[in-house]
Amino acid sequence: MRLRKVKNALLKINQSPYFYSKDKFAKFTKKQLVLELGCGKGTFLIKEAQKNNNFLFIGIEREPTIVLKAINKINKLDFNLENILLLCTDAKQLDDYFQAESVQKIFINFPDPWPKKRHIQRRLTSPDFLKLFWNLLVKNGLIEFKTDNDKLFEYTLTTLQENSQIFEIIHQITDLNNSEFSFQNSITEYEQRFMELEIPIKKLVIKKII
């Protein structure tokens, strides 16, 4: 379904206290940093921020309209979240915003699988992105990756094997909701739909090494 863009969305999100700026980010220097790439409407991000007050959660989205939807969801909560920000940018620009070895964890939930060969480098688990994430993560930092797409999952496994000098797979799960890890799983909007359709969710937990 094509996204219906909101007029002046970028202006509106810039007026929100939840929208990323260097000044706002600087106030959280004592909190450990967690990123979610492709945070959508913010359902997963909100759940994680609720559970982990000692961390700063930053949701990343390219499209201002989607960032605005996430901000609106946060604004409608009946409680305050003081450890969450939204950033409107492309994932390949992350090193413009965050220093090397400053991120504790990166969540990649149901990214676009970019099935065509000519778009392989756009996949968030391509070698170039893995190297970017490795640079941003602290020592022993983690990536948590979830997908419903079998081909993307297999591609990611292959890419990680080819980059085993910088990352190792800690957990490999082929049916998350019927695994021992299901109880601690925060569910995204997409994930809820897949669960209703009984589509298995695949997950990898990946650790930075060296």
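Counting starts with 1 at the first residue shown.
The backbone N, Cα and C atoms fix where each Cβ goes, glycine too.
S-adenosyl-L-methionine binding, as stated in Swiss-Prot, involves Glu36, Glu61, Asp112; the candidate among Asp90, Asp95, Asp150 given for that site is Asp90.
For Glu36 (S-adenosyl-L-methionine binding site), the spatially nearest entry among the binding-site residues Asp148, Thr188, Glu189, Tyr190, Glu191 is Thr188, judged by CA separation. Counted over all residue pairs in Glu36, Glu61, Asp90, Asp112, the record's binders of S-adenosyl-L-methionine, the longest Cα to Cα distance measures 14 angstrom. Across Lys116, Asp148, Thr188, Glu189, Tyr190, Glu191, which the record gives as binding substrate, the greatest C-alpha separation is 25 Å.
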